[in-house]
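Have a look at the structure below, then the notes.
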């Protein structure tokens, strides 16, 4: 009944009929949000694919100058993400905040045209794009949880993430097509990317629904806490901090940060693979393509599996795949089997954890604070990931790559035990049916 | 929005798609460059890399030469497209496009015939040939394999044209930093310059947020650090001095000062060029440096300045980049 509960009041249509139910994989709102993500990712990856060419061969910036553009924004983006999440909850305008995020990123594409050769201006434009990305993801994920019955969250996120990665796949192809026509005119890529991003905002405005207040479909809270009704007092900062003060929400944020600590980053994984196999340097970009392909193919099936057997087991399985990836990089397998296996496992790790973790978090967070909670989970993970990258760099330096990756595998195992201790005790986290 | 039917919403989306699509298509149509024909050779003789009183440079992405005595004068332009070029003793190196996304390092003989080609990863940045014409090096920017998620890393390779031995990346070499063994995943190299023995070389090594001048030994596959904050070294014809770019306040974000290091005393002399130079300078002779500067619109010019800190910078080859004396 996912379709009916979302597209119209359940009371009016208690039985949408067996035919309809069979085909309703996810709600219309999730499809709309997936479509927005797909189109936006085409636009974003178009720019990502040509930005190095543009900065180095178009503007003749040195790599150091490019490094200056990067890096400084991470902390600010993390903070803004939480602020944006809180604002979305406080004003109950998740769609508006997500829309602002998507619009900021769209405008940034045009900003690249106006920034010219000025490094500070390009830095500012890239910052706006990052802020847009940071601000939109928590409200978007909150909208997905609020428009999906708790028992179907896994597949909703699976479908959303799969659509998202289709866009990421098409982006570079679109950029290539534009460059084929225009030669070295990178600005044509930016204008095209802006037009595509603007279309995504139109789709968001028209087709994505904010759940009307009072229509507490299935997004209600598990712990019987206050729902998102119109008469409720607005969310306060104190209440938001309360999320971290105790209970399942704090355990979730802690677990997410711990899991973030166990990931060393794509760059290291591909670098190790390339060193092990002495891959021709030209093949390097294809490693990321292989991982994305596995992610794209596995996201929806693993989401469905998470609904069947529980989300925590799938997340645990995903991090086990990550640990196995690390072990492979220091193990006895060689040649193409190693490459194929590593990329498949690494893609499976993303497919089993990226959306599923939010699906796991959704029902635990009170509906009125869900965006804030999701933002906290994502921020905790992102900040921990920064720390782990630095730590892994130090470990590589001190012990060499082979031992460093073995240590990372041990860290994954430790983090898995910690996650189980944190999350497995409240049985409701793993149950499929959530009592109302 | 609740008043709108799904049909009306679809109509709006289709109309927006058509409108935005037209904007994009229109812009693409206007921006499309006509297929670039090689510029006509404007000189009266064919371009050659044979030693002579000429300067080699890139004009509109094509190889060109000018007379050393009159660099702003008439220009010989070849049909060969390169993004970086250098030549010595009748051997040239050209970093040229292979496809829309990939680049090649090609070795040229004096008549611009291609004697060897290697596909290189990333985007062309530096190119050098040793004074004897035997050793060739190149640096590219590589995106994607930097573990800081987005930044660039660089790769420098070296080819011995006599033996065919290729070092795809200097990152395989053993490092001695400040007298002690060192290794780190974040090591990057750029800007190689060879000594007269065709075995030792100088280059920039970056690690841990700092940039060092290193001296390398190809046969031993080692490098050792000599000094901080020295980038893109270029060895003088007599082998006693290195021209380099020095980050102002050791912070590349503040720009670079073109300077000269005396290898015997390790004393640094800033040149009279006060603008930020982001290039590996070339020695025109034992007293003069040439380098590329860009105008506000990104168009390059080759400038020249005395190496001893005296005098002033002068415009050498307008509208050109990647200078190299043909010695």
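Backbone N, Cα and C atoms are what each Cβ position is placed from, and that goes for glycine too.
Keep in mind that TrEMBL annotations are predicted by a computer and have not been checked by a curator.
For the ranges A:104-124, A:125-145, A:188-208, the feature annotated in TrEMBL as transmembrane segment maps to A:188-208. Computed over the domain 'Major facilitator superfamily (MFS) profile' (A:29-426), the whole-number mean pLDDT of the model equals 86. Among A:252-271, A:283-305, A:312-330, A:336-361, A:382-399, A:312-330 has the largest number of CB pairs under 8 A with the transmembrane segment (A:405-424). Beyond the transmembrane segment (A:336-361), the same-chain residues lying 6 or more positions past its ends with a Cβ under 8 Å from any Cβ of the stretch are 141, 144-145, 153-154, 156-158, 160-161, 252, 256, 259, 269, 273, 276-277, 279, 287, 290-299, 302-303, 306, 311-312, 314-315, 317-319, 321-322, 324-325, 328-329, 373-374, 377-378, 381, 423, 429. Counting only same-chain residues 6+ beyond the ends of the transmembrane segment (A:283-305), those with a CB under 8 A from a CB of the stretch are 154-159, 161-162, 165-166, 168-169, 266, 270, 273-274, 314, 318, 339-340, 343-344, 346-348, 350-352, 354-356, 359.
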